Structures are given as C-alpha cells and as structure tokens.
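Student: OK, Swiss-Prot features for this one:
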- ASP51, SER52, ASP90, LYS118: 3-methyl-2-oxobutanoate binding site (BINDING)
- ASP51, ASP90, GLU120: Mg(2+) binding site (BINDING)
- GLU186: active site, proton acceptor (ACT_SITE)
Amino acid sequence: MSSHADSKPWTVPALAQAKRDGRKLVMLTAYDAGFARTFDANGVDLILVGDSLGMVVQGHESTLPVTTADMVYHTAAVARVLERALLVADLSFQADATPERALDAATQLLQAGAEMVKIEGAGHKLDVIRYLVEREIPVCSHLGLTPQSVLRFGGYKVQGRGEAGEQLRRDAQAAVDAGASLIVLECVPTPIAAQISAELRVPTIGIGAGPGCDGQVLVMHDMLGLDSGHRRPKFVKDFLAEGGSVAGAVQAYAQAVRDGSFPDAEHAYAA
C-alpha cells in the first residue's frame with residue numbers, strides 16, 4: 001500500500017502531486033459496499049463506479065441501458081464505506097448530451113458521494129467538461145475506446161493507431177485545457193499512451209494502454225478472473241490466481257501496478 005494511502009484520504013490535488021512524484025496510481029471498479037471496503041483497505045487509490053455495471057452486474061450486452069438512477073444507487077453504496085480511496089462515478093449514456101443534463105446527473109452523483117465524474121469522448125464533450133468544472137465539479141475525461149460509442153466503432157476495437165493517434169493527443173490536451181483533472185485512456189497503443197502521458201500535466205490512467213500511463217484501472221471482475229459472459233480483452237490479467245484471496249489479489253494487482261510489472265507487453269497493444 002502506498003504511503004499516501006496509509007496516511008490520509010486521496011483528493012483531486014493529490015492525484016496531480018502523485019504524477020509529479022512519479023507514484024503510480026491504482027484504480028479498480030466497484031459497485032457495492034463489500035468489495036469497495038476490501039479494495040479501499042488493500043492499496044487501491046481510486047475506485048470507479050463504472051457504467052460497466054450494466055454488463056458485469058446487470059447482464060446487458062453493453063453499457064448503453066445503464067441509467068443515472070442506477071449510477072446513483074451504486075455510487076451511494078460504495079461511498080458509504082470508503083475511507084481513503086477517491087471515488088469516481090460515470091455519467092451514463094446520454095446523461096452528458098448537454099451541459100445542463102450533465103450538471104443534473106453530476107450533481108446527483110456528487111450528492112451520492114462521488115468526488116469526480118467521468119465523461120466519455122471529446123469534441124462537443126469539451127463544452128460539458130468546461131461547464132462542470134466551472135461549477136466546481138471535478139471531471140475525468142475517458143478517451144480512446146469509449147464503450148458508450150460501441151455502435152459507432154462497430155465493436156470494441158483498439159483506438160489511436162496511425163493518424164488517429166495524433167487526434168487522440170489533441171483530444172487529450174483539449175480535455176485538460178477544458179479543465180479535466182484526470183484522463184482515462186482505453187485500448188490505446190502503448191507508444192501513443194506513453195506520449196500523451198508525458199505531455200499532460202494531469203495523470204493518465206490506462207486500461208489496455210500500456211505501462212507508460214500514470215496509473216492503471218481494471219474492471220474488478222476481470223482482475224479477479226470472473227466470467228463476465230464476454231470475451232476477455234487482451235489487457236486483462238487474473239490476479240486472484242496468484243493472490244489466493246480477494247484481498248491478496250488486490251494487493252498483488254496494486255503492487256504490480258506500482259512496480260511497473262503490470263501491464264507488460266502481453267497485456268498491451270503495440271503501435
């Protein structure tokens with residue numbers, strides 16, 4: 001467990017300080033109090049209540065059916081037990097379609113206990129990010145493979161190869177300029193993710209984006225080797241197999257992120 005996690009709760013400014021200090025950030029999803037409590041006690045710095053709950057908890061084929069009410073319910077359950085980890089919650093599909101709708105949904109999530117909201121995509125979402133930050137709501141920008149755009153992408157595919165990598169770099173910088181305090185990069189080639197991470201002043205969290213990011217996140221079911229009913233992505237590693245228990249798996253995952261052994265080339269995408 002990191003020295004920070006041993007001493008005091010994480011805050012948004014502390015995330016930027018961790019990047020400056022070269023300290024890797026450990027993030028996991030959680031959707032209920034029991035797992036959240038275990039993750040919080042075993043070295044996880046940030047917990048994401050993700051709309052991935054639509055697939056791994058509710059059994060849907062995508063995240064699209066998840067509602068703001070679903071997100072509020074699970075966010076509140078997780079928030080009640082956290083002592084150190086910073087809590088991030090997703091804005092569900094189309095909850096951020098306009099700045100006003102995003103403010104309503106984000107307000108509900110913060111009232112439920114979230115400390116930051118995550119928004120997928122760039123483009124017109126930059127206005128949403130700016131609108132929320134101007135109203136004192138911390139924002140995480142999710143770029144690369146954005147699951148809410150799965151229909152447009154034609155499936156879950158690596159993003160940012162070739163010329164698209166340069167656009168991804170521009171999108172990441174634009175999100176930070178709009179006020180984002182954290183960037184999630186999903187299914188992005190390792191060299192591009194590393195370049196983006198080096199260029200930005202805020203931390204990047206990778207999921208299938210290689211070891212050059214400032215931290216890593218996995219869906220808890222993937223980290224524990226549970227069958228989610230969907231094809232396992234290349235970047236997934238079962239830490240329960242080596243950890244022997246849920247707490248042991250979390251500790252093994254956290255240590256691997258911090259010492260840089262996860263993700264390795266086997267769990268990342270080349271250019």
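Cβ coordinates are placed from backbone N, Cα and C, and glycine is handled just like the others.
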Student: An 8 Å radius from the center of the ASP51, ASP90, GLU120 Cβ atoms defines the neighbourhood of the Mg(2+) site; name the other residues of that chain inside it, in order.
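Tutor: What remains near the Cβ centre is GLY50, SER52, THR63, VAL66, LEU91, SER92, PHE93, LYS118, ILE119, HIS142, PRO147, GLN148.
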Student: How big is the 3-methyl-2-oxobutanoate site in terms of the longest C-alpha to C-alpha distance among ASP51, SER52, ASP90, LYS118, in angstrom?
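Tutor: About 12 Å separates the two most distant Cα atoms.
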Student: Would you identify which of the recorded positions ASP51, ASP90, GLU120, GLU186 has the most other C-beta atoms lying within 10 angstroms of its C-beta?
Tutor: ASP90
